[in-house]
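Engineer: I have a structure here, written as structure tokens, and I will follow up with some questions on it.
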Amino acid sequence: MAENHASAAARAADADDHQRPALCRSSFLPAYSDVNDDGLEGSAFRPLIVSVSGDSHSDDDRPFSGGGRVPVPPFSWRRLWLFTGPGLLMSVAFLDPGNLEGDLQAGAAAGDALLWLLLWTTAMGLLVQLLSARLGVATGRHLAELCRGGYPDWARRALWLMAEVAMVSADIQEVIGSAVAIRIHSHGFMPLWAGVVITGLDCFIFLSLENYGVRKLEGLFAVLIATMALSFAWMFIETKPNGKDLIIGILVPKLSSRTIRQAVGLVGCVITPHNVFLHSALVQSRKIDPDNEHWVREALRYYTIESTVALVAPFMINLFVTTVFAKGFYGTKEAGSIGLENAGHFLQEKFGGEFFPILYIWGVGLLAAGTSSTITGTYAVIMSGFLNWKLKRWIRALITRSFAIVPTIAVAVWFNTSDSALDVLNEWLNVLQLIQIPFALIPLITLVSKEEVMGVFKIGPRTQIATWIIASVPIIATGYLLMDFFSSEMRGVLSGSVICVAVLVYASFLFYLIIRGMKLPNSSI
């Protein structure tokens, strides 16, 4: 009798489960292919798996018959620890040398006036990364894979090209930053081009960490982030900034015509396109069944906590760097010429250092920033996701790293004695990444808003409005930069015509992506 009642209850629960909204109805999604035994990379970030199944999930395979939202078990520190890791890797993109370049230039040119923008851009970046994690957990696919299945071939290839350009741009900045740090620690003996070559090869060493498991890799990132935090916190304490100016800069928004360019650069270096693709893949290092609503809700809860906490350190480090250079160089004649390459020497001349030269403290932090961000670029899974190419990870790293190293070596050899050449290159790379941001955000917002992609985990109207506002910020900033460029750089009818055509193509593609995302929910995206 008890068995009959149990089987009847199970059938009723199963029927009720079929009536509830599907967790992820992904008929348009590309077929999933895992990483095979030869090390060929498939469509997802699968070589690094930490199992989070345990006693708390012992009954999760039962159909839920309570109706409404599936309950989430009580908070557990042990469970949070199991989910901790992907946010650390994601947060490194907020600390790459391009970010440090934007921070120091914002501090030197605007003082503490742009600290409020740093806070809000970090908050915007957090929301974007949470949506990326939500997409990866709820679908079991990463963003590049979903774009491959959701857009026509020409649009998919265009999105892939934009994503690769953004990633290579970030890679160049990372290589430059590490090369500058190596030059500092070699007392100028090591030329920049040699530092570029050394940095270009280090990612292949770190790829071997996969063989020791994901926890070892995440532990390395924790050490590198802690190194940056200690280095830049030491600099912050040594320079003794004004606490009142610091608080006012964070709480009171200020923006003038003199600081707009620095503000735009700050937005472009905090929100990075390749990191949007990366995070949706990193969260799959925890084995979660996307069809199990209980598991998905629990994973989203812990990933939200972990990502939020993980971004506290990058915000504080960026705050330290901006404040140090605001204290030392705002309003001075050096403010207009300071950059990543000469920043350490300017700091040494200004502050020296009682126990340890501040030049080498800066070099340690810069080397940690360049090294850590170099590793994350290797895992961005853009090529494999968009094109479904089955390449060994080291071959893909060789291809993308070559695109970054070749032009960087050329610049380093040509301008080895120039303090400003690499800094100008870094500024333009930040602008280039800013231009690419909408091509990652628009597909992300489109996908997480679709019920046929996300099921019950699609975002609500308020979140959609907030994310579209965030997506509009880089578009508006790009428009400003283009107008500024037109007014100062256009020479002749031919060059003006070429630029106008390029801008028209850029705007048309953005318009296409937005309109396609606004189609009826039942239509395939």
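Note that Cβ sites are derived from N, Cα and C of the backbone, with glycine treated the same way.
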Engineer: Quick one: sort out which of 143-162, 263-282 is the transmembrane segment according to TrEMBL.
Structural biologist: 263-282
Engineer: For the feature region 'Disordered' as recorded in TrEMBL, pick the matching range from 1-20, 61-80, 241-260, 321-340.
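Structural biologist: Going through 1-20, 61-80, 241-260, 321-340 one by one, TrEMBL gives region 'Disordered' for 1-20.
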Engineer: The transmembrane segment (428-448) vs the transmembrane segment (219-237): three or more C-beta pairs under 8 Å (separation of 6 or more)?
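Structural biologist: These two stretches do not touch.
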Engineer: Does the transmembrane segment (115-137) come close to the transmembrane segment (219-237), meaning at least 3 CB pairs under 8 Å for residues 6 or more apart?
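Structural biologist: Taking Cβ pairs at least 6 residues apart, the transmembrane segment (115-137) and the transmembrane segment (219-237) are not in contact, as fewer than 3 fall under 8 Å.
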Engineer: Could you name the stretch, out of 188-207, 263-282, 468-487, 493-515, with the greatest number of CB pairs under 8 A to the transmembrane segment (115-137)?
Structural biologist: 263-282
Engineer: Any residues 6+ beyond the ends of the transmembrane segment (468-487) with a Cβ under 8 Å from its own?
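Structural biologist: Cβ under 8 Å, 6 or more out: 124, 127-128, 260-261, 264, 267-268, 271, 431, 434-435, 437-438, 441-442, 445, 496, 499, 503, 510.
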